[in-house]
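A.B. asks: For reference, the structure I am asking about is given below.
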Amino acid sequence: MGRRVAAYPPLLLAACVLVALVAAIPLAFVVGYTVSTGWDEAWRLLVRPRIGELLVNTARLTLGCMVLTAVLGTGAAWLVERTTLPGRRIWNALLAAPLAVPAFVTSFGWVSLTPAVEGYWGALLIVTVSYYPLVFLPAAAALRGLDPALEETARALGHGPWRTFLRVVLPQLRPAVLGGSLLVGLHLLAEFGALQMLRYPTFTTAIFDQYESAFNAPAANMLATVLVLCCALLLTAELRLRGRRRYARVGRGAARSLEPVRLRGWTAPALVALFAVVALALGVPMGSLVHWLVVGASTAFPVASLVTTAATSIGLGLLAALLTTALALPVAWLSVRYRGSVSTLLERSTYVANALPGIVVALALITVSIRFVPSAYQTTGVLLVGYAILFLPRAMVSARAAIAQAPPVLEDVAHSLGTRGATTLRRVILPLIAPGVGAGAALVFLAVVTELTATLLLAPIGTRTLATEFWSHSSDIAYGAAAPYAALMVAISAPATYLLTRRTRNTS
Amino acid sequence: MTALAIRQVTKSFGPVSALTGVDLDVPAQSFTAVLGPSGCGKTTLLRLIAGFAAPDGGTIAFGDQQVAGPGVFVPPQRRQVGYVPQEGALFPHLDVAANITFGLPRAARRSGERLAELLDLVELGRDVATRYPHELSGGQQQRVALARALAPKPSIVLLDEPFSSLDAALRLGTARAVAQALRAANATAVLVTHDQDEALSLADQVAVMRSGRLVQAAAPDVVYASPADPAVAAFVGAAVLLPGTVRGGTADCALGAVAVAPGAVEGAAHLLIRPEQIRILAGSDAVPAAEGVLARVGEVAYFGHDATVRLQLEPSGPEVVARVMGTRTPAAGERVRLAVDGVAAAFPANGH
Amino acid sequence: MRKGRRRVLAIVAALAVAPGLAACGGSDKSGSAGSPEKATLTLYNAQHEPMMKELVDGFTKETGIKVNFRNGKDSEMANQIVQEGAASPADVFVTENSPAMTLVDSKGGFAKLDDATLAQVPKQYVPSTGNWMGFASRSTVFAYNSKQLTKEQLPASIMDITQPQWKGKIGVAAAGADFQAIVSAVLAVKGEAATAEWLKGLKANAKVYRGNGAVMKAVNDGEISGGVIYHYYWVNDRAESGANSANTELHYFGNSDPGAFVSVSGAGVLKASKHQAEARQLVKYLTGKNGQKILADGKSGEYSISAEVPTNPKLKPLGELNAPELDVAKLNGPKVVELMQQAGLL
């Protein structure tokens, strides 16, 4: 009976308020800037054909990709989890693998082979094969978690396999699939590199163009406002969905598995379809990458530069993971252990970054640091704060789950067995939350190593990362020179991504 | 000797009062069950004893050492209590051995001697030692939790509804094993539970709580046979409550003349008769009209070892429930005669 | 589940120990923290990095002064310098095109250069303020796919590419400072109304690419028939492999057409610089004989401008370009951005 009505500890509360304030900088900036720009100027910058064009471009790509990823992710998940498809374990790994490849690298792989992928249809293809794992993974997890008894009941009530899927399985998958595709939408709104390379202008690429043309001028910031509104729309939908979602409680003991659907004659077409997905998502871009690595005319393999940029990327990733985790922990602790309206508000404020693309966060931090903290401007510190704001939600999710794994009763037991606070922390709480918090830190690390947009804007003088170096070479059409950096990014993120996806698979 | 003495303990959470003036003595090496419905304050009482929270008023003493009271608060880690929470709360990151020896000094943790002893005590095989909590059944988890609590040889062991999450089949065996282990360890134990059968069958003393108050603390048979009030009577077991009039050691009621416990107040009263006290004499035809009260058999619930029978007293009396041996179950609709065995408890009619 | 957890932990641990915190090195602002004897300069570099690397290496060899690069684009860095104001860590700013220099100059961001340094290049490369100077230049060209277009079909003026027959057949890198400099030349020669009209036509006709290299590649692949770029993209690619230029030829507009615009790459010393002497040394080197020689002999393909150094013989001589005569100080970047926003190109 956890009826602990405890007041918020003041130090913890102060720390959390500080974190929430930092996380709120970009949003406050966007709102403040929009207000201070004034109505006339805002009107001039917002109501012009270009904005309409961008809006249409952004909307049709986002919606198209959300629909396609939902279909592709669900279909693939069903084939892998519920049918007699041969090699299901391998397919599982292969289908999740595109997560380890940044979309701008996939895009690079394609566009360096053929300019035919430029424009809407190419962009749609590339972002779809880059992002469908965001639907595939939760859909597969949901399929694994379904109670087989429900499907058996439907079959007993006279439904065939197809009707059972439509009327019983699909409705239960809906939260996972919708949630996943909304996440795809948010990612797409923030996507810069992939679309810039495909010559498909959206709000994010337009903001970058404006930034290159006029730094942080009102035009860029006003576009950022519109972009944030789009994101907020999707995020609201996602939050409402999450609020209604009910998690089935996982029973003790091994779950009974359902008899898989026999594909019979459909085995070959299914295999071909999955093979096509993997070929488009991994085969072509990775093949292209290897091609540019091997035969690229401008490939000189600058070992020294590769080593230093990789070290910088890894170092930044580690520092950002450390900082982000340190910021997430107090808020997560407060929100798990001291439920209340204040702690909920503080927790939610850290999720605001979900609606803020990297380009907006970067613009905000540039302007804020120049105006208010000139000494911090152009430092690794600001870059790290940018990363922390962007990836705080990832660290929070893991930290919250980890802290929930260590309920207060375990502390009570430890105390009753004679351990004091510090010892309890060392022997009980840390070992319990470390794996989850560590996984969260690893997620942040991965995200930072493959982050392009904010890094381009915020990296201080002399700081070159794998992503920025890749970008600078690929902008010069020096595909061969760009390839090694892309390959290294994939090499760094692939193993950890694999383990993390396996982990979610095992725990769900 | 009293191992635990609680005096006038009060505790509230904001405006909600959880405990009001609770007194309880727990004799050394005894097993006390604190029994009450959920929300009665029994878990709060346990947490105060453990030291996870401090009382607002009153004192708590372990033997002659006060652990909580005005200006005194001994933190949980220095109280030497063993604590077995609901669902065991084993440390999920530690295996069984590490869980059990968690509270032991470093050297003893390594030796393994005490571990073997404790595994034996709670009747677990040695092979369990290397398993992790999620690999154990619910009953095994509870036994490990008990072993962990007993490992540092605590002066008192507190059990917070430890069996409520187990299914019926496991519950009985686990509860018996736990009680046995506690006795073998000569431990003083306080168990919190809402399950009457558990309290009555395991404890030496049953303390019944209601709305933050301790209503009655006595041996199980006393609580059952002579409850403090009708509500306690109904809480600790099935009860038939009938109005009647007490006169000179006998009460007159719908079931005829029934003997009452000595010392009962004269006059109008509520009589407590347990279903197993109501005896079905036989079919109405076989028994002389003078003996027993006439009733018609209603619904019969058959449990194998016994059965409960609803009986409508004739011609228009109240309905009563009788518990009869499984071998002598009447058929529904049958007319029977009833008699009452033993003594009924009587509560003054206006008291309550 | 447990094993998985352990493995993740191990990975995190391994990552944490692995390469140390190499990145910390890049964090603090260099310059002041450099070695005691020589300052380290911070160069805000909007030029092509390999070319500047070559030049700066020569400079460091000659003077022992080390230079840190921050790379960016013309307008981005110019605006950045303006915003940074006195707090700017930049010592020297170099660009690909002059409008960015003019922007910084108009906000008083540059320190006046020494007359001796200014005298190292012909007058047309120095603005009247004398606060910055050109050190390299590049010519606007119309790159065309020689399999799709004959010489007769080529546009006579850059103004003609807005004619209907070019719809969907030409490419520009609209977001780039290079193209925006070309637009500034159109603006300077033809005036605001004609430029706005021309941009509108361009919006209808042109495909927009990420950079000049991408435009040329698209021309070469036959995606488009022609594009407006600078000459050296073609020169360099031909020199290297021709992979993106084999099917492409250059058309120089000449005739003082705005399309014959020669854009000036500028260099200037920041007023905010705390290493004025060293910064001036760098600009002096870039525009001096040794720097210009590196430029002329190097692989950049850009024009050196010093009268004392012969230009790269592979390039069409500067004198034959018939560029329009424009005051380098008058090319207006912000106005161009505004016009392009109105036309929907940005």
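A Cβ is built for glycine as well, from the same backbone N, Cα and C atoms used for every other residue.
Where the annotation comes from TrEMBL, it is an automatic prediction and has not been curated.
Pulled these features from TrEMBL for this protein:
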type	residues	note
DOMAIN	A:55-235	domain 'ABC transmembrane type-1'
DOMAIN	A:310-500	domain 'ABC transmembrane type-1'
TRANSMEM	A:12-35	transmembrane segment
TRANSMEM	A:55-80	transmembrane segment
TRANSMEM	A:92-113	transmembrane segment
TRANSMEM	A:119-143	transmembrane segment
TRANSMEM	A:176-198	transmembrane segment
TRANSMEM	A:218-237	transmembrane segment
TRANSMEM	A:271-294	transmembrane segment
TRANSMEM	A:314-338	transmembrane segment
TRANSMEM	A:350-370	transmembrane segment
TRANSMEM	A:376-393	transmembrane segment
TRANSMEM	A:428-457	transmembrane segment
TRANSMEM	A:477-500	transmembrane segment
A.B. asks: Does the transmembrane segment (A:218-237) reach the transmembrane segment (A:376-393), going by 3 or more CB pairs under 8 Å (6 or more apart in sequence)?
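C.D. replies: No, the transmembrane segment (A:218-237) and the transmembrane segment (A:376-393) are not in contact.
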A.B. asks: Would you confirm whether the transmembrane segment (A:176-198) and the transmembrane segment (A:271-294) meet the contact rule of 3 or more C-beta pairs below 8 angstroms, pairs 6 or more apart in sequence?
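C.D. replies: Counting Cβ pairs under 8 Å, fewer than 3, so no.
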A.B. asks: Under 8 Å, at least 3 Cβ pairs, sequence separation 6 or more: does that hold for the transmembrane segment (A:271-294) versus the transmembrane segment (A:119-143)?
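C.D. replies: Yes, the transmembrane segment (A:271-294) contacts the transmembrane segment (A:119-143).
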A.B. asks: Counting only pairs 6 or more apart in sequence, are there at least 3 Cβ pairs under 8 Å between the transmembrane segment (A:55-80) and the transmembrane segment (A:119-143)?
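C.D. replies: By the criterion, they touch.
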A.B. asks: Counting only CB pairs under 8 A, let me know which of A:12-35, A:314-338, A:376-393, A:428-457, A:477-500 has the most with the transmembrane segment (A:92-113).
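C.D. replies: The stretch with the most close Cβ contacts to the transmembrane segment (A:92-113) is A:477-500.
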A.B. asks: Report, as numbers and ranges, which residues of the same chain sit near the transmembrane segment (A:350-370): CB under 8 Å and 6 or more residues beyond its ends.
C.D. replies: 19-20, 23-27, 29-30, 33, 186, 189-190, 192, 204, 207-208, 211, 216, 220-221, 224, 227-228, 231-232, 234-235, 238, 327-328, 331, 376-378, 382, 385-386, 389-393, 396, 451-454, 456-458
A.B. asks: Given the transmembrane segment (A:314-338), which of the listed stretches A:12-35, A:119-143, A:376-393, A:428-457, A:477-500 has the most Cβ pairs that are under 8 Å apart from it?
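C.D. replies: Against the transmembrane segment (A:314-338), the leading stretch is A:428-457.
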